[in-house]
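J.: Here you go, one structure.
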């Protein structure tokens with residue numbers, strides 16, 4: 001594939017605390033805020049605490065999930081003092097980060113209780129900047145890359161960094177360090193790209209979400225009637241075949257995966273998704289070819 005010349009990435013937003021009990025991103029943002037820019041940095045970094053009220057209370061959200069408030073309808077809806085806090089905050093963030101491409105790339109930091117390791121979520125399989133960053137991080141981490149629906153994404157070039165397992169309301173040093181290094185590797189790639197380095201193309205393995213699976217539920221009470229099976233628990237991004245154990249009923253019965261094709265589960269037994277009726281997500285794995293890229297200002 002022919003090399004693609006792309007604009008430099010001169011302004012980056014790093015956002016933590018979109019969910020106020022996902023502490024690695026919150027503490028990393030607080031650490032970054034201590035370092036004042038002196039104007040000599042090769043890339044301007046905007047550091048944002050996305051949901052400061054939820055972060056102060058150490059809860060996922062105050063009134064509604066901020067990460068579901070960035071639809072076009074939500075961002076264009078009229079708000080008042082009685083509107084949910086996160087609806088108001090989403091429009092503030094959109095004005096800060098999304099208006100007239102005020103940042104070139106946004107990195108949203110998250111934790112998960114699931115055993116995902118370092119997982120990057122990008123929002124297009126043709127976003128060459130994000131996919132090259134993913135390729136750059138894949139070597140040291142052997143990370144997993146998901147192509148999924150955008151959430152906190154007021155700019156057109158956005159990436160979410162999910163790292164787990166980490167309980168909500170807790171910060172684990174190994175998770176914090178992995179997130180800190182992941183952000184630094186991303187910034188290193190951006191600086192090299194801006195300086196004119198040609199990054200060779202190649203192939204990147206990505207996981208495209210197919211569907212969500214709910215827990216089995218009692219037909220009358222609608223309460224869950226099973227937990228994730230021990231053979232599936234903590235096996236994020238490991239292939240799930242038809243007939244494999246999926247749930248263990250509280251009555252002792254094993255329920256098996258009844259799909260027609262083998263798929264890759266992720267966000268298995270994520271604590272925050274109980275309220276959303278999601279026990280796990282299923283994805284297909286595929287290889288995406290990406291072109292070589294370079295900064296268009298240096299030819």
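For all residues, glycine too, the Cβ spot is worked out from N, Cα and C.
Automated prediction, rather than curation, is the source of TrEMBL annotations.
Copying in the features that TrEMBL gives for the protein in this structure:
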type: ACT_SITE; residues: 162; note: active site, proton donor/acceptor
type: BINDING; residues: 19, 22, 110; note: Zn(2+) binding site
type: DOMAIN; residues: 10-189; note: domain 'Succinylglutamate desuccinylase/Aspartoacylase catalytic'
type: DOMAIN; residues: 204-285; note: domain 'AstE/AspA barrel-sandwich hybrid'
J.: Cα-Cα separation of residue 22 (Zn(2+) binding site) and residue 162 (active site, proton donor/acceptor), in Å?
T.: 10
J.: Looking only at C-alpha atoms, tell me how far residue 110 (Zn(2+) binding site) is from residue 162 (active site, proton donor/acceptor), rounded to the nearest Å.
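T.: About 5 Å separate the Cα atoms of these two residues.
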J.: Over the domain 'AstE/AspA barrel-sandwich hybrid' (204-285), what is the model's mean pLDDT?
T.: 96
J.: Which chain neighbours of the Zn(2+) site, leaving out 19, 22, 110, have a Cβ atom within 8 Å of the mean position of the site's Cβ atoms?
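T.: After dropping the recorded site residues, what remains is 17, 18, 21, 25, 60, 109, 111, 112, 168, 272.
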J.: To the nearest Å, how far is the Cα of residue 162 (active site, proton donor/acceptor) from the Cα of residue 19 (Zn(2+) binding site)?
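T.: A Cα-Cα distance of 12 Å.
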J.: Around residue 19 (Zn(2+) binding site), how many other CB atoms lie within 10 A of its CB?
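T.: So the Cβ neighbour count for residue 19 (Zn(2+) binding site) comes to 26.
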J.: Within 10 angstroms of the C-beta of the residue listed as 'active site, proton donor/acceptor', what count of other C-beta atoms is obtained when all protein chains are considered?
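T.: Taking every protein chain into account, the count is 25.
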